[in-house]
Amino acid sequence: MSEPVLMDRFARKVDYLRMSVTDRCDFRCVYCMAEEMTFLPRQQILSLEEIHQVAERFVALGTRKIRLTGGEPLVRAGVVGLCEKIAALPGLRELCMTTNGSQLDKLAAPLFKAGVTRLNISLDSLDPQRFRELTRTGDLHKVIAGIDAANAAGFVHTKLNCVVMHGRNDHEINDLLAFAIDRNLDVSFIEEMPLGIISEHSRAESFYSSDQVRERIAERYTLIPSTDSTQGPSRYWRLAQAPGIRIGFISPHSHNFCGTCNRVRLTVEGRLLLCLGNEHSVDLKAVLRATPGQPEKLEKAIIDAMQLKPWSHNFTHDDGVQVVRFMNMTGG
């Protein structure tokens, strides 16, 4: 008997779901949200049970990888229990989480026990003052303690996510690599994505391409192309000096990955986003609440939504913004 498969109209298989469990965060990163952010009312967001119901239907339809995101997922009460329920879904191969690391010193071990298979941890600077400037509220030492707690808990192939910005942290690229090598961490260097209008931050001035990142790395290390894949948008390389770790590049501007896109996103409001860089969406919360106890209705809405998935995004790296929602409203 063949496995169920979700397909879009371009015959791309969709088997990766990113789910935002909250729009709230204890950081205010300059590329993610405005400093004075207004968050969604509690009644407007999905309950943990509703998030689990959506995950259950996606896995029944062939999804093999789920990533929980935010905002910061670990500030939502009950998220460890949610992880345990999702990890137990028959057929799911990977349950991952993207986090800023601020809560991992106390939650890494419970997450590992709950069945989370991999962590991505955001880290854009190793300088405490610059880290504070970029996150507006973050404590670098607490994040590093969280990274060490993840290693101690048993997580492997933990990945650092670094958004590289010209004039802000591009000079730290090789220092971040050295930090990753020392702790046996993978790294993804990410081109900034133009989501939401942030008046105090110019994306045109801060854009730094993946090609520029590789040039900077080549000043200290030897990059070797790799065929590794984690079912996500990263294109991976290895380092001759540290072959055990993977170096990824997420390049939505300079080398977009739309042609092989295999993922969709669920916002915490229950909108199923078919593309990070477009507003095509389906309101799954409305389906859940209009037809409780009828999972077949939710499945049909998911299947039908695949036909709305566009071929590609329309990102630019000037200050023009095609998508007005912030990254924390999207699920990073």
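Note that the numbers count up from 1, one per residue, in the order the chain is shown.
Here the Cβ of each residue, glycine as well, is placed from N, Cα and C on the backbone.
What you are looking at is a predicted structure, and each value in this text was computed from that prediction instead of being measured.
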Review point. Among ARG18, ARG214, ARG216, which residue does Swiss-Prot name as a further GTP binder in the site formed by ARG67, THR98, LYS159, ARG263, VAL264, ARG265?
Key: ARG18
Point to revise | Nearest-integer angstrom distance between the alpha carbons (Cα) of THR98 (GTP binding site) and MET193 (S-adenosyl-L-methionine binding site) | key: 16
Check your understanding: By a simple count, how many Cβ atoms lie within 10 Å of the Cβ of SER122 (S-adenosyl-L-methionine binding site), its own Cβ left out?
Key -> 24
Review point. Which whole-number value in Å describes the distance between the Cα atoms of CYS32 ([4Fe-4S] cluster 1 binding site) and SER122 (S-adenosyl-L-methionine binding site)?
Key: 12
Review point. Out of SER122, MET193, CYS258, CYS275, which of these binding-site residues is nearest ARG18 (GTP binding site) by C-alpha distance?
Key: CYS275
Study note, to complete from the structure: Among the binding-site residues CYS25, CYS29, CYS258, CYS261, CYS275, the one whose Cβ has the most other Cβ atoms within 10 Å is CYS25
